[in-house]
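Notes to accompany the following structure.
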Amino acid sequence: MSSRVSLRRHGYVHDGRKRLHDKGPRAARPAPKKTRGPADREWRPDALLSSRAFTRTRTDYPAENIGGAPCSSPEGRTRYVSPEGRPVERIVRPFQDFTRKQSSGGILLVAAATIALAWANSPWGESYAALWHTKLTVGLGDYSLSKDLTHWINDGLMAVFFLVVGLEIKREILVGELSSLRGAALPVAAALGGAVLPAAIYAAINAGTEGAAGWGIPMATDIAFALGVLALLGERAPVALKVFLTALAIVDDIVAVLVIALFYTAEISWGALGFAALFLVALIVANLIGVGRTLVYALLGIGLWLAFLLSGVHATIAGVLLAFTVPVRSFIAPKAFLERGRYVLDRFEQSGEKGDGVLANEDRQAALHALNRAAYELEPPLHELEHALHPWVIFAVMPLFALANAGVALGGGAAEALTSPVTLGIVAGLILGKQIGVTLFAWLAVRSGVSELPRSISWRHIYGAGWLAGIGFTMSLFITDLAFPNGALADAAKLGILAASLIAGVVGWTILRGASTSR
């Protein structure tokens with residue numbers, strides 16, 4: 001067989017790309033020399049597959065780290081190749097550093113809620129209400145969809161939020177803390193306690209009143225806020241506690257999604273629901289036959305969302321269902337990726353002189369596309385979609401949602417709202433119900449032998465996490481919009497959510513800070 005083997009024959013290059021021919025077997029490389037640097041001991045051939053590779057590059061080699069990747073020089077020293085001297089890097093780097101902090105999402109949410117509250121109670125308060133009631137119409141031919149901005153955010157953008165929530169749930173069930181029965185028992189028990197007890201407290205306070213429909217409001221936990229507060233503790237917070245709180249919040253999200261689907265659904269249009277079922281079947285079939293293009297799932301997901309929007313079932317449920325159909329498998333084995341990558345990089349090196357660019361070298365262009373295709377086939381679509389959407393949800397969707405929904409005009413009725421059964425029920429549910437429910441049910445799970453307490457955390461950590469679980473905010477505001485579409489009840493509920501979330505965050509942080517320093 002000829003040694004002139006093309007990448008196309010191996011399926012590495014898209015049709016239409018110039019072939020890269022093997023120029024003969026390459027001499028075996030000498031074993032790499034031992035290199036210096038804090039990261040060199042940890043770099044493995046698959047290290048570039050990690051989402052942390054970029055962060056580790058910047059941390060370990062700050063002088064050579066602009067978008068760099070590790071490679072070995074002929075002398076055996078590890079260096080980081082990067083674009084040189086790009087002024088834009090100096091501009092965007094502070095923003096990149098901010099977005100990488102786990103507390104950043106919570107900070108933006110607080111800022112958005114504060115702006116909304118201040119704006120709604122300022123002399124320009126009428127402009128706040130007028131803005132979010134502005135109609136936005138999207139049409140095609142004789143068909144159009146017209147809603148105000150608040151509904152576009154709550155029904156549209158929040159579907160993307162629920163899509164990311166669904167992707168996180170699926171990942172945790174398959175490979176995370178919820179993948180084993182014993183590992184999932186503790187956060188599942190804690191989450192159930194943190195959902196049932198707050199709902200019961202609210203229902204008891206509002207029994208027989210017009211606010212009884214809001215019993216689902218104090219059941220939820222805002223995962224971004226809770227983890228943001230925990231991140232403020234830095235290394236004082238044990239890793240096991242972060243894992244526990246994340247799993248607890250995800251189970252809370254599952255419960256909240258079920259509550260929305262079952263109890264906060266208007267009259268159902270069965271015809272539209274039938275179309276939704278067809279789109280869902282199409283998504284499942286796409287998964288089963290191995291469709292890996294996220295664009296296909298996005299287009300079918302839009303159809304699913306529209307069908308749910310017209311059916312009466314809340315459209316955000318479409319996001320969760322879409323997430324469950326996104327494939328989790330890679331379409332190439334890691335070993336095959338490494339072999340293909342080495343082959344393509346060899347061809348890239350042999351196809352030009354040192355310092356040659358890519359623009360004028362078709363062989364190198366073909367190698368670049370081949371390597372990109374291999375990386376695309378390795379990354380599971382679930383990870384690709386979650387990684388692409390997560391920043392948009394954290395830094396755009398959720399702050400917009402807070403800005404549109406947290407603006408409560410207090411006026412002269414603030415004192416009356418504070419004593420409203422709705423406000424009291426939410427505050428009692430989120431503050432008392434969460435901390436007691438989470439701690440009690442977690443204790444029962446450990447006491448019964450179903451689960452065990454991780455060694456690195458104490459019951460004080462669990463109790464503090466119970467307080468942080470009382471930060472309802474995003475999901476609680478969302479359920480408020482479903483339970484009380486407008487009026488005084490909605491304002492009372494939002495006031496209770498804001499007050500309870502603030503108290504829960506401050507007290508939870510204080511408890512966990514004390515627990516961390518005492519260990």
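Heads up, residue numbers simply count up from 1 along the chain you see.
Glycine is treated like the rest: Cβ placed from N, Cα and C.
TrEMBL lists 1-21 with the feature compositional bias 'Basic residues'. Residues or ranges marked as region 'Disordered' in TrEMBL: 1-44, 61-82. Annotation source TrEMBL lists transmembrane segment at 103-120, 181-205, 211-233, 240-264, 270-289, 296-324, 389-410, 422-445, 465-483, 495-512.
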Long-range neighbours of the transmembrane segment (211-233), counting only residues six or more past its ends (CB under 8 A): 101-107, 109, 191, 194-195, 198-199, 201-203, 241-242, 245-246, 248-250, 252-253, 255-256, 259-260, 263-264, 394, 398, 420-422, 425-426, 428-430, 433-434, 468-476, 478-480, 483-484, 489, 492-493, 497, 500-501, 505, 508-509, 512-513, 516
CB contact flag for the transmembrane segment (422-445) and the transmembrane segment (181-205), at least three pairs under 8 A: yes
Range from 181-205, 270-289, 389-410, 465-483 with the greatest count of C-beta pairs under 8 A to the transmembrane segment (103-120): 389-410
Segment proximity, the transmembrane segment (465-483) to the transmembrane segment (181-205), 3 or more C-beta pairs under 8 Å: yes
CB contact flag for the transmembrane segment (240-264) and the transmembrane segment (296-324), at least three pairs under 8 A: yes
Contact ranking winner - 270-289, 389-410, 465-483 against the transmembrane segment (296-324), Cβ under 8 Å: 270-289
